[in-house]
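Student: Feature list, courtesy of Swiss-Prot:
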BINDING   ASP8, ASP139  Mg(2+) 1 binding site
ACT_SITE  ASP8  active site
BINDING   GLU67  Mg(2+) 2 binding site
ACT_SITE  GLU67  active site
ACT_SITE  ASP139  active site
Amino acid sequence: MAIILGIDPGSRITGYGVIRQTGRQLTYLGSGCIRTSVTDLPSRLKLIYAGVSEIITQFQPEYFAIEQVFMAKNADSALKLGQARGAAIVAAVNQDLPVFEYAARQVKQTVVGIGSAEKSQVQHMVRTLLKLPANPQADAADALAIAITHCHLSQNVTRLGEGNLNLARGRLR
């Protein structure tokens, strides 16, 4: 059994989703958005850090999964997104959580089956996979999709990591 916190970072709205994985079964534990209404970026980053820290304290996840930065046409937006990611990652690292990153295309491919899926398709599949009564908010759905992706891909990541570790020690299995 493992609890996974997924984060969809944003400088104004950061989505979060928490699920429990027991074998192949996924259980919804909670989701929502950290909304920053203040105008200056440092204050928004502080709110993101505090919000993610509070969520970690509340749910006690074992794993932290976050969306990777993508290349944006607007450099200023990309920088702000990177800073929001940094605030969330520092909150996780401060509580000794391992951090995993997934590209948006990889998340959509894993959850919907199409790397170019629309937000509404992600929301629908998250609702279906977690047996929710309604579609979650878009940012929360993205965060839940990131957590689901971690569940599906983490076994491969672990196996690859162990294989590299064993090879580095000169042992083969």
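If you go along the chain as it appears here, the first residue is 1 and each next one adds 1.
Keep in mind that glycine also has a Cβ here, set from the backbone N, Cα and C atoms.
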Student: For ASP139 (Mg(2+) 1 binding site), write down the residues of its own chain that are at least 6 apart in sequence and whose Cβ falls under 8 Å from its Cβ; none is a fine answer.
Tutor: ASP8, GLY10, ILE13, THR14, GLY15, CYS33
Student: What count of other C-beta atoms do you get within 10 angstroms of the C-beta of GLU67 (Mg(2+) 2 binding site), across all chains shown?
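Tutor: The answer is 25 other Cβ atoms.
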